[in-house]
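Participant: Sharing the features that Swiss-Prot gives for it:
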COMPBIAS  241-261  compositional bias 'Basic and acidic residues'
COMPBIAS  385-402  compositional bias 'Basic and acidic residues'
DOMAIN    5-189  domain 'VWFA'
DOMAIN    221-240  domain 'UIM 1'
DOMAIN    291-310  domain 'UIM 2'
DOMAIN    323-342  domain 'UIM 3'
REGION    241-292  region 'Disordered'
REGION    302-321  region 'Disordered'
REGION    363-402  region 'Disordered'
Amino acid sequence: MVLEATMICIDNSEWMRNGDYSPSRFQAQADAVNLICGAKTQSNPENTVGVMTMAGKGVRVLVTPTSDLGKILACMHGLEVGAEANLAAAIQVAQLALKHRQNKRQQQRIIAFIGSPVKYDKKVLETIGKKLKKNNVALDIVDFGETDDDKPEKLEALISAVNSSDSSHIVHVPPGENALSDVLISTPIFTGEEGGSGFAASAAAAAATGAAGFEFDVDPNVDPELALALRLSMEEERARQEAIAKKAAEESSGAENKDHASSSNADSVMAEAEPASNAADDKKDQPKEDDDAQLLQQALAMSMEEGSSGAAAADAAMAEAAVDDQDLALALQMSVQDAGGSSQSDMSKVFEDRSFVTSILNSLPGVDPNDPSVKDLLASLHGQGEQEKKEDKSDKPEDEKK
């Protein structure tokens with residue numbers, strides 16, 4: 001890759017207002033300048049490019065040789081068109097700018113766009129060419145626009161004077177449908193002395209056409225704020241779309257869950273309905289069994305009524321017998337009293353036997369014979385038994401006395 005420092009001379013004279021090159025001569029020239037600047041900076045990172053004008057209020061350097069492509073492209077905006085181009089003065093100023101380049105190892109090159117008539121004589125141009133050759137400065141000329149009889153001859157003489165080892169080139173571009181930049185892509189002015197590579201050519205073309213190779217079609221070197229704003233806007237839009245897609249997915253999953261829940265509820269209702277129907281069927285089968293049970297209960301009730309009526313009749317008969325025979329009634333009463341007294345005496349004897357009572361209490365569930373309350377109860381019963389014995393003993397002597 002050739003290491004170069006290049007100065008591009010732009011023709012911004014009144015002749016650039018014509019529209020024989022689409023959209024105008026000046027705009028076509030600006031597109032071609034952008035193309036060449038991109039090609040130079042892309043072919044070698046250390047290459048530098050400067051831009052200057054040849055008309056207007058005078059020759060003026062817009063940008064000194066630099067590798068900042070954004071700065072180079074930005075200087076093309078807002079240029080004024082007017083007056084006449086001064087080719088000789090422009091070449092001399094460009095030579096001085098290249099002489100003061102920072103990297104002295106860079107080769108020097110001047111590219112001049114000439115779209116207006118050339119007013120200088122051939123001898124003057126040859127003198128300028130020899131001076132460039134002496135200082136090892138290469139010259140490329142793009143001839144377009146006005147075509148008088150002397151212009152091509154003068155420019156050819158200039159290139160012949162400066163040419164050394166075919167390092168200088170001239171390209172004549174007639175008016176036509178093809179853009180000026182499209183014609184220059186296939187020329188040595190664009191590809192360089194080594195012919196260039198396809199990668200460098202495509203990258204340079206993308207960079208020079210203003211943004212074809214940049215994201216959002218905006219060169220961040222020219223307008224970094226706009227490029228950042230577009231990038232942020234794109235990220236926000238992407239995040240918004242992702243949020244919408246996520247929400248839609250959640251809603252669809254929620255609807256599926258609701259459908260599943262409703263189907264499960266329906267299944268549970270069906271499951272509950274089946275036992276209910278089975279219970280109804282069981283109830284239909286139960287009336288026969290219930291009727292049999294009712295009949296049995298009625299029979300038992302009748303038998304109990306008969307038994308109670310028989311007992312009542314027996315009691316009535318006994319009552320009548322008692323009335324008829326008072327002596328028998330008195331005997332019965334005395335026997336009952338004797339039986340009651342004997343039973344009470346028997347019960348008192350049983351409670352007097354503490355070992356027997358303790359064994360009975362041990363056999364009862366949940367009863368503790370050692371409980372204080374149980375002991376107090378047994379003691380009270382035992383005391384009552386002893387008191388009854390004393391009363392019986394006291395009653396016997398009185399009976400004997402009688």
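Heads up, the Cβ atoms here are built off N, Cα and C, so glycines get one too.
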Participant: Under the DSSP assignment, what numbers of helix, strand and coil residues are found in the compositional bias 'Basic and acidic residues' (241-261)?
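Facilitator: Summed by class, the stretch gives 21 helix, 0 strand, 0 coil.
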Participant: Please work out the helix, strand and coil residue numbers for the domain 'UIM 1' (221-240) from the DSSP assignment.
Facilitator: 17 helix, 0 strand, 3 coil
Participant: Please average pLDDT over the domain 'UIM 2' (291-310) for the predicted structure.
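Facilitator: Over the domain 'UIM 2' (291-310), the predicted model scores a mean pLDDT of 60.
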